[in-house]
Each structure stands twice: as C-alpha cells, then as structure tokens.
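Here's what TrEMBL has on this protein:
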DOMAIN    20-306  domain 'Sugar phosphate transporter'
TRANSMEM  16-35  transmembrane segment
TRANSMEM  47-72  transmembrane segment
TRANSMEM  84-102  transmembrane segment
TRANSMEM  108-130  transmembrane segment
TRANSMEM  142-159  transmembrane segment
TRANSMEM  165-189  transmembrane segment
TRANSMEM  201-220  transmembrane segment
TRANSMEM  235-255  transmembrane segment
TRANSMEM  289-306  transmembrane segment
Amino acid sequence: MGKGGALSESVVKKILLSYAYVGIWIFLSFTVIVYNKFILDKKMYNWPFPISLTMIHMAFCSSLAFIIIRVFKLVEPVSMSRDLYVSSVLPIGALYAFSLWLSNSAYIFLSVSFIQMLKALMPVAVYSIGVLFKKEAFKSDTLFNMLSISFGVAVAAYGEAQFNGWGVFLQLGAVAFEATRLVMIQILLTSKGISLNPITSLYYVAPCCFVFLLVPWVFVEYPILRESSSFRFDFWVFGTNSLCAFALNLAVFLLVGKTSALTMNVAGVVKDWLLIAFSWSVIKDTVTPINLVGYGLAFLGVAYYNHSKLQALKAKESQKKSAAADEEAGRLLEVKNAGDGTAK
C-alpha cells in the first residue's frame, strides 16, 4: 500500500479511536448517573443516604488508587510537599466533597432529565467565579451569552412538572461548588505546574473528600443508619456502583488526554440528550415541551460558548506560531548580518 493509503488508514484509525473514547465516557457517565439515581431514589432501591454513598465511592477510589500507586507501582506519585498539600489539595478536596454530596442529594428530589438541564448552568458558574478571581476577562458579549443560558434553564425550570425547590437549591449548590473547584484547580495546582492524572488525583483528593464528608455524616446520616435494623450492606450493588465511579474518572482522563476538553463538552451535550430521552422513556419521568424548549435555548447558549472558546484557543495558538516565526526570522537575519560583517 502506498504512502497515501497508509496516511488514510492512520486518519481513519484516529477517528475511530476518538469515537471509541467518546462512547466509553458517555456510557460510563450515563451508567453512574442512572445507577446513583437508582440507589438514592425512594421509589427504586430506596437508600436515600447521599453522604454515605459518596463516602463509599471515595473510600473505594482512594483504596484502589493506593494499591495501584504504592503496591503495584503502576503509576508514579506526584512529588508534593506538606505545605502544598494543605494549601492546595485540601481546599480542592473540600469543594469536591460538597459538590458530590449536594449533587447526589439532588437525585432524591429531582428527575434525571431536570438535573441534566440544571447542569447546563456550569459554564455560567465557571465564568462568573473566573471573573471574580480574575482568571477570566469580563466581556459584555460573554455576559449576554451567560444570560441566554440562564434564561433557557429558567424556562426549563418553569416547565418542570415535578419541580422541587429544595432539590433545585441542592443542584445549584453542587454546580457552584464544582465550578469553584475547577477554578481553584487552575489557580492552586496548574499555575504551580502540577498536573494530576485520575489515579494520582484520587490518591490525593479522595481521602480528603472522605474526611470532609465524615463530619456531616456523623450528625446527619449515622444516627438514622444506626437505628435502621433492616439495612444490610449489599456488596454487589455498592461495589459495582463504586467501580463504575472509579472507571468514569479514568474515562475522563482518557477522553481529554486523547482528544480535547472541547470534545468532552460536545460529548457531554450528547450524553445529556440521551439521559433526557432515557429518563422520559424508561424511568417514566415527565418531560414537558416547555422543558425541552428551555433546555434547547440553554443548549444553544452552551454551544455558542464552546464555539467562542475554540475560536479564542485557535487565535492564541496562531499568535504563538506567528511570534515563533518572527523570532526565527529575526535570528536568521542576525546570522546573515553577522556573516556579511565577517565577509567585509
């Protein structure tokens, strides 16, 4: 086969692998969301203890990460001082703990479809907190874009047949904590040149999450669980659920590492629509036309935001290449001038 044929095969293979990474991430994300809903919902498995469920996930993930890093030594741990751990990892762990707690709690009160619609506010929260911490530049057109997303979500909320104010408050709180965590990662870790893959991230962050969740668990859920004589820990249900949560962390790294964060955002939109369809057709949640119109408006706003970010990244990359070319041209000119001077 000729050179052109080999190149064609390489491109096709790359495209197929990208689709495979997207498919794996969508499947695992879909599975974890539906599985958590199944466990926490009072009409299904009926185990409404979101703090306990999150702690089980963190204990499982941190144990598995410890075994991979310290026992089998398959992944090198990141060099980290105690001061850096306390100043950076602990606050990120606390934010992650509260984000997961509130997000899982929302499944008790809201439908899967409506939760996905509320999650469309994530770019709004990330941008707002980024501006607050001066990591994002304030722009009037971006503000208008954020308002359009918020308006779409508000319309979806207005059309929600099973609206629950407490559930909405919990989910919005989860979005706020998660957005703050993402900005803090950029400020506290990325700016210091520290990059954590999913294994090292779970190794350092998951134990923090567990400890931070332990305090509210002792006062909120432990007394109820202690008095409940009917509960028996189901190793199959909670073990497979935790394994899915661990695998999802690996899939996120695989997808972003092998493709891009933008690909993950686009895949997230596909996943959201699939979850809405699943919630309506299988779980039999009510999805109203106003829900769909509102989420459609929010979706268009998120799509435009992703497009703007992509254009900004392309422009930045183009500037870097142009600056590098100018620098190289200047260097060549200096060499030529030096040569002309020697010749004289």
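Placed from the backbone N, Cα and C atoms, the Cβ positions cover glycine too.
A TrEMBL annotation is a machine prediction, not a hand-curated record.
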**OP:** Mind checking which residues of the chain, 6+ beyond the ends of the transmembrane segment (235-255), have their Cβ under 8 Å from one of its Cβ atoms?
**Re:** 21-22, 24-25, 28-29, 31-32, 35-36, 39, 45, 53, 56-57, 60-61, 64, 197-199, 201-202, 263-264, 267
Subject >> Stretch contact, the transmembrane segment (201-220) with the transmembrane segment (47-72), Cβ-Cβ under 8 Å, 3+ pairs >> reply: yes
**OP:** For the transmembrane segment (108-130), name the stretch out of 16-35, 47-72, 84-102, 165-189 with the most CB-CB pairs under 8 Å.
**Re:** 165-189
Subject >> Winner by Cβ pairs under 8 Å against the transmembrane segment (165-189), considering only 16-35, 47-72, 84-102 >> reply: 84-102
Subject >> Outside the transmembrane segment (84-102), six or more residues from its ends: residues with CB under 8 Å to it >> reply: 50-51, 54, 57-58, 170-171, 173-174, 177-178, 180-181, 184-185, 188-189, 192, 194, 204-213, 216
Original post:
Near the transmembrane segment (16-35), which residues from the same chain, at least 6 beyond its ends, have a CB less than 8 A from one of its CBs?
Top reply: 112, 240-241, 244-245, 247-248, 251-252, 254-255, 258-259, 263-264, 267-268, 270-271, 274-275, 278
